[in-house]
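Here's the structure, in structure tokens; my notes come after.
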Amino acid sequence: MASLYCSLSFSSNLFKLSYSVLLLVGLVSAQLSSDYYDSTCPNALSIIKSGVDSAVANEARMGASLLRLHFHDCFVNASLGCDASILLDDTANFTGEKTAAPNANSVRGFDVVDTIKSSLESSCPGVVSCADLLAVAARDSVVALGGPSWTVQLGRRDSTTASLSDANSDIPAPTLSLSGLISAFSNKGLSAQEMVALSGSHTIGQARCTSFRARIYNETNIDSTFAASLQADCPSAGGDNNLSPLDTQSPTTFNTDYYSNLLNLEGLLHSDQQLYNGGSTDSQVTTYSNDADTFFTDFANAMIKMGNLSPLTGSDGQIRTNCRSVN
């Protein structure tokens, strides 16, 4: 993009184009659309939905796993956004993101993605990107578990590389403070309000003992009975991969129980409870706990915004035939 700015700069101030104008052009050229596959692969959305519904019916937890894949994809490398880099296996040229600390022994659902992608390739070869597949699958997973729907903008293309270091540095850690969370999301162009809404995805899914051990043994802003109940499956040493629901009330239903849990000091992760800990986001957590419609609306809007951040479009990237490897 820097070379574009240079090539469009003329010696006379009269003909110089400002950075803001060029940025606007870039945003317009990268615009996605909801009807992107209407003529090239009209069954794309129904194929993805069918695959997601089947996977979630087989294992409800898979809905959370597919949603998390999209989130961890979008959060790595702000300049590329949701580009399916998380799906790439390691190669001789780069180490992918699957073994990054936030992903190792944690992210899952790759086989489901492979199955859906195979169906898409059978129907319309080389048309639907893996990045779009993840974005739609995330929406369909939320819907399958009782959450809101939203219109997914389409037309993303897939990256040809991945970054272990970016995955390690960009994905928010469960140990972050409130200010750390706000900063991590702000770095991706997302507000504190959108951060709290997106955190509501923890109304589904599970976490490993290693990610919440310190909280249940060392922290004081936690209900003592809740902490004791978790210690049975998460010992002070060992059992790192033992799982507990992020929302113990309704772990496979997308609702507002996550926020109600925070009011009761029953946030599983340190970063969860930071949203309701005497800080600037307390009132928003309280609102969401009592108002599912507001939460659903805010969550859907935040998902749209996150999914639209700096996508690869046009001739950038590629449409992978196999989501695990570049063409």
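Just so it is clear, glycine is given a Cβ too, placed from its N, Cα and C backbone atoms.
Features reported for this protein in TrEMBL:
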- His72: active site, proton acceptor (ACT_SITE)
- Asp73, Val76, Gly81, Asp83, Ser85, Glu97: Ca(2+) 1 binding site (BINDING)
- Pro172: substrate binding site (BINDING)
- His202: heme b binding site (BINDING)
- Thr203, Asp247: Ca(2+) 2 binding site (BINDING)
- Cys41-Cys124: disulfide bond (DISULFID)
- Cys74-Cys82: disulfide bond (DISULFID)
- Cys130-Cys323: disulfide bond (DISULFID)
- Cys209-Cys234: disulfide bond (DISULFID)
- 31-327: domain 'Plant heme peroxidase family profile' (DOMAIN)
- 1-30: signal peptide (SIGNAL)
- Arg68: site 'Transition state stabilizer' (SITE)
Residue among the disulfide-bonded residues Cys41, Cys74, Cys124, Cys209, Cys323 whose Cβ has the most other Cβ atoms within 10 Å: Cys74
Cys130 (disulfide bond): nearby recorded positions from Asp73, Asp83, Ser85, Glu97, Cys209, Cα cut-off 10 Å: Asp83, Ser85
Overall pLDDT of the domain 'Plant heme peroxidase family profile' (31-327), taken as the mean: 96
Proximal residue to Arg68 (site 'Transition state stabilizer') among binding-site residues Val76, Gly81, Asp83, Ser85, His202 (C-alpha distance): His202
Cα-nearest neighbour of Asp247 (Ca(2+) 2 binding site) within the listed recorded positions, Cys74, Val76, His202, Cys234: His202
Disulfide-bonded residues listed as Cys130, Cys234, least Cβ neighbours within 10 Å: Cys234
Cα-proximity to Val76 (Ca(2+) 1 binding site), 10 Å cut-off, over disulfide-bonded residues Cys82, Cys124, Cys209, Cys323: Cys82
Packing count at Glu97 (Ca(2+) 1 binding site) (other Cβ atoms within 10 Å of its Cβ): 28
Within 10 angstroms of Cys74 (disulfide bond), Cα basis - binding-site residues out of Gly81, Ser85, Thr203: Gly81, Ser85
C-alpha spacing of Ser85 (Ca(2+) 1 binding site) relative to His202 (heme b binding site), in angstrom: 23
Subset of recorded positions (Cys82, Pro172, Thr203, Cys323) lying within 10 A of Asp73 (Ca(2+) 1 binding site), CA to CA, in sequence order: Cys82
